[in-house]
């Protein structure tokens, strides 16, 4: 106190009025320091904390240890009582929360391939590695082996009939020896083959396709027709078109020999009449002033070689494509063989159907006229000998 008084008296700037007033002790007591201080005063913070979010949902670091309820409480507003816990959880996709994680590429591929192939894989979310998802029974049976693990069969290896003795020239097998229990013959025994043939025969006999095909081959046959494309079958002298013409500029006699032969270098004419491919062409005997063609369109046509190069007559009587045609020695009649297994005899001039015969196999070739001739069936690798008698087929010149 004395110091305060001395400080006041030593002040040069103090006015005379201030210096004259005395200092009271009551005013000095108010300047004294308090004797007791409240170090931890009571502060009401509970209501303030309830009004703000505990954890920022966008933060990636937690500086406190919040409870589960505080961590997953809604960002704003009250909690929806009609939603489940999974629906209330935070999501960044439609089905859940996705975040990046580090997984070894080999382990991921192993489990993926194992699940696709074996049907099971280890559960990546399980704490223990012996839990599986998928076909758990198969996982237990194979002891959890993945696709990359070598599975032990436990059985003995197959033994080979090996002979590594190089001195044995005929018996040396090397590493190519067959197994002891290997079967090299797959042909069934005669009894089993007989049973198999009987089963196949019964199935074919009962099938609709076989019955329909058999009925068509036996009963159904196309109608034999013929069409003449000339104005008249005979000329003004009463000669048929089978007679070789005399005014063609070419000697058509059988004993005539050409003076010079050469390879043709120029296209003379194109014959058009068939709608599909032509299988065979046969020249008229001796004179060759006509030729016969058979096609895949089931038609047979007779053509002129000289003159107008027109079609003379069309023969129709087969259901399937015609494979072969053949004249007799005089050219008055010809045979036609088709894929419908019929061989038919035709009159060349009138186009009349004379006779036919059904064979068991397809005739791929008709030979030159002879009393005995053979029809080869190349599809079945067999030959059929036919004897055409003049009274049966009325095939003159045989």
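Cβ coordinates are placed from backbone N, Cα and C, and glycine is handled just like the others.
According to TrEMBL, the features are:
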type: COMPBIAS; residues: 203-214; note: compositional bias 'Basic residues'
type: COMPBIAS; residues: 216-226; note: compositional bias 'Polar residues'
type: REGION; residues: 1-21; note: region 'Disordered'
type: REGION; residues: 143-162; note: region 'Disordered'
type: REGION; residues: 203-226; note: region 'Disordered'
type: REPEAT; residues: 271-305; note: repeat 'WD'
type: REPEAT; residues: 315-356; note: repeat 'WD'
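For the compositional bias 'Basic residues' (203-214), the number of residues in each DSSP class (helix H, G, I; strand E, B; coil) is 11 helix, 0 strand, 1 coil. Each residue in the repeat 'WD' (315-356) has a pLDDT score, and their mean in this model is 86.
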